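Asks: Can you read through this structure? Questions will come right after.
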């Protein structure tokens, strides 16, 4: 379906609000192995209340319910959560300086490994495509790469130093073992392994290379992995749409960029047909004012259903949305 031909005849329908966290919700993740004919979609969410919640949609009622609360492992805010590509393991990063690995054992989530080494708050965690590597980053300015060993063991393969400030997010490329990290130092760094097995920074994207001039909060790739979108206080190429800090961006499989920000709104952008020779341009498809009562910390498209997404906020809720063609 050509989004440009449809004009702006879209609306964002709220399907359900998921309540249960008692503090702000920092992050959420769709389980990539769910949302198929055989398995109903599952979402993990993490919060300042030190817990992780697992939500599942009922096949019968289509209603989302909390199936598990993962608690008494992290002692401070849980800042980031992400499923392994197979959907079998969940990694959670916390301000308590640890990363926990969870496995669903017969419907009961168990912490099967705890990764220690960062000096303070762990801000983000990311699996590579083959599930052989895990990356974490921290306020201690470092990025760690962990090798996934048999028996849920994790061995530190490298400690990457190069950022001069708090590292906000790590993200593996969707098909290659190349790692991207973004930071309060206004840069994105690209890391790769050399022939000897050592990891090095192969590129730094800063303001001088059309990068950002303030904190870089998030990174997302398109489905093909040949384009990357990043966000900061104001988007450089999509400027003038948000007047507050942008905390999250996510690229859908069909090329829609969703963004969530401190203005409580969610926006959607698509590539314009009249893109110029020197690069694509993007236009605003839809803006949802007051999507949440407070800051929108994360937006994530469903991996299984087109135009279904979830958002999470400082207001303590997760919302499930559908980007639908309006009837008027």
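Cβ coordinates come from backbone N, Cα and C, glycine included.
Note that TrEMBL annotation is computational and uncurated.
Below, the features straight out of TrEMBL:
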REPEAT    18-56  repeat 'WD'
REPEAT    71-103  repeat 'WD'
REPEAT    115-148  repeat 'WD'
REPEAT    160-191  repeat 'WD'
REPEAT    289-328  repeat 'WD'
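Tell me about the surroundings of these features in the structure.
Replies: Listed as Cβ neighbours of the repeat 'WD' (18-56) (distance under 8 Å, sequence separation of 6 or more from its ends, same chain) are residues 64-71, 74-83, 85-88, 90, 92, 94, 102, 109, 294-295, 297-298, 300-305, 310-320.
Using DSSP to sort the residues of the repeat 'WD' (71-103) gives these counts of helix, strand and coil: 0 helix, 18 strand, 15 coil.
Same-chain residues lying 6 or more positions outside the repeat 'WD' (115-148) and placing a CB less than 8 Å from one of its CB atoms are 76-77, 79-86, 89, 91-95, 97-101, 154-161, 163-177, 179, 181, 183, 189, 191, 199.
Sequence-distant neighbours of the repeat 'WD' (160-191) (same chain, 6+ residues past either end, Cβ-Cβ under 8 Å): 80, 123-130, 133, 135-139, 141-145, 199-207, 211-221, 223, 225, 228, 230, 232.
Beyond the ends of the repeat 'WD' (289-328), by six or more residues, the same chain brings 6, 9-19, 21-30, 32, 34-36, 41, 43, 45, 47, 55, 64, 247-254, 256, 258-262, 264-266, 268 to within a C-beta distance below 8 angstroms of the stretch.
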Asks: So what's the mean pLDDT when you look at the repeat 'WD' (289-328)?
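Replies: 93, rounded to a whole number.
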Asks: Is it possible to list how many residues within the repeat 'WD' (289-328) are helical, extended or coil according to DSSP?
Replies: 0 helix, 20 strand, 20 coil
Asks: Please spell out the DSSP helix, strand and coil residue counts for the repeat 'WD' (115-148).
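Replies: Within the repeat 'WD' (115-148) the tally stands at 0 helix, 21 strand, 13 coil.
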Asks: Using DSSP, how many residues in the repeat 'WD' (18-56) fall into helix, strand and coil?
Replies: 0 helix, 18 strand, 21 coil
Asks: What does DSSP give as the helix, strand and coil breakdown of the repeat 'WD' (160-191)?
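Replies: Here the numbers are 0 helix, 17 strand, 15 coil.
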